[in-house]
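Database features, via TrEMBL:
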type: DOMAIN; residues: 1-316; note: domain 'Sulfatase N-terminal'
type: ACT_SITE; residues: C39; note: active site, nucleophile
type: MOD_RES; residues: C39; note: 3-oxoalanine (Cys)
type: BINDING; residues: C39, D249, N250; note: Ca(2+) binding site
type: ACT_SITE; residues: H102; note: active site
type: CARBOHYD; residues: N164; note: N-linked glycosylation site
Amino acid sequence: MGWGDLGVFGEPSKETPNLDQMAAEGMLFLDFYTASPLCSPSRAALLTGRLPVRNGFYTTNGHARNAYTPQDIVGGIPDSELLLPELLKKAGYTNKIIGKWHLGHQPQFHPLRHGFDEWFGSPNCHFGPYDSRERPNIPVYRDWDMVGRYYEDFKIDLKTGEANLTQFYLQEALDFISKQQASQQPFFLYWAIDATHAPVYASKQFLGTSQRGLYGDAVREIDDSIGKILKHLQQLGISENTFVFFTSDNGAALISAPRQGGSNGPFLCGKQTTFEGGMREPAIAWWPGHIPAGGVSHQLGSVMDLFSTSLSLAGVQPPSDRQIDGIDLLPVMLQGKLIDRPIFYYRGNELMAVRAGLYKAHYWTWSNSWEEHSKGIDFCPGQSVAGVTTHTQEEHTYLPLLFHLGRDPGEKYPLSFASEEYQRAVESISGLVQQHKASLVPGQPQLNVCDQAVM
């Protein structure tokens, strides 16, 4: 889902009333980022509080190649990583994941081996259908047991876009919350639905209800589901004891737009790229009675911060034997503070760009290859910016392309190399890059991937 998909972020049709209301009752983050412009490494970062180059979800087989884990990849989350549910379990939490795991499909990577107590969902996205003789459809699990497969037991109609998966995921969430409230058990729920990932789907009652087509139908159903979850917390009387955060794993996939892709608002390009459209995400924090209603923050935030913030809420110390990249956002949400920190933009194991304050320096630019582009694969449709959205990998290490995101959120007008503003900003960011690279430990594990793993 993209930054521009919510009414509160300016989407003209305003078809997300529940998320918009969530923002009105909580805090809206305008400058919130994922840790990678692709699904699996960003999810690994969320659950470990660490950049993909630290937690193992990066590639070295091709420069600046994104890493992901479909069913034919053997890698997954390393045992050496400590995931958020593992740490919360020590504080007595019951943990459940609903939906897409995407951190490895082999038994050693199963979420119940990494801190979760319950799971209803799939190791992967709802790709397919496949030939069940040579390549089976992707399984759906309830805890340790496979309960069916996409396109077979869990129907997805590729012609109409109809599927009841979001409704299944919603009911799982409501039932889990009710069970934990009844037993007075603190819980962590990771609700990882994937209806806005192509092939996009929505249940019958939402099909054809959006001005934005099938993708809008999917967004409307997600919005409705979130409204029901928040209402359920209120009806159970536990909303003031429950911290809820909404965000996305990467920007809208413009490669599948317009029918199967969303909006990244004013930002450049989309999923798979380290331009703003690929990595800046919609983000809303909700905690009635604690987070002041109607707050808007310009704090530079990251999905990795949810790791540190959640541990802080639970009174659990983060692990001290490794570098944690997330920060605790509680002072931001509860006291309105701003914490000075940079944002690092990675593709594979390459640091592509860095943001500090309102300045963003690109050390490499690349959208996708000419070979892919010639086949109609375009990560930046209708958004070509000369010298910026390049189809060859362009290095700018010695003279970074610098943008002021306040004046130019679309990254269209690089600052002049000769300006004093450029010199000051690049010098400051270069110091941050040196500190960051010094913190990276050589020889860390990486995900096993194929050369074609660039989707």
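Residue positions begin at 1 at the first shown residue.
Glycine is no exception: its Cβ is also placed from the backbone N, Cα and C atoms.
Feature annotations (TrEMBL) mapped to structure.
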| residue | record | Cβ neighbours (10 Å) |
| --- | --- | --- |
| C39 | active site, nucleophile | 27 |
| H102 | active site | 28 |
| N164 | N-linked glycosylation site | 17 |
| D249 | Ca(2+) binding site | 25 |
| N250 | Ca(2+) binding site | 29 |
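Comparing D249 (Ca(2+) binding site) with C39 (active site, nucleophile), their Cα atoms are 6 Å apart once rounded.
The average pLDDT the prediction assigns to the domain 'Sulfatase N-terminal' (1-316) is 96. Each of T34, S36, P37, L38, S40, S42, R43, S248, K271 belongs to the same chain as C39, D249, N250, is absent from that list, and has a C-beta within 8 angstroms of the C-beta centroid marking the Ca(2+) site. Each residue contributes its Cα atom, and for N250 (Ca(2+) binding site) and C39 (active site, nucleophile) those atoms are 7 Å apart. Counting in whole angstrom, C39 (active site, nucleophile) lies 8 from H102 (active site) by their C-alpha atoms. A gap of 20 Å separates the Cα atoms of the residue listed as 'active site' and the residue listed as 'N-linked glycosylation site'.
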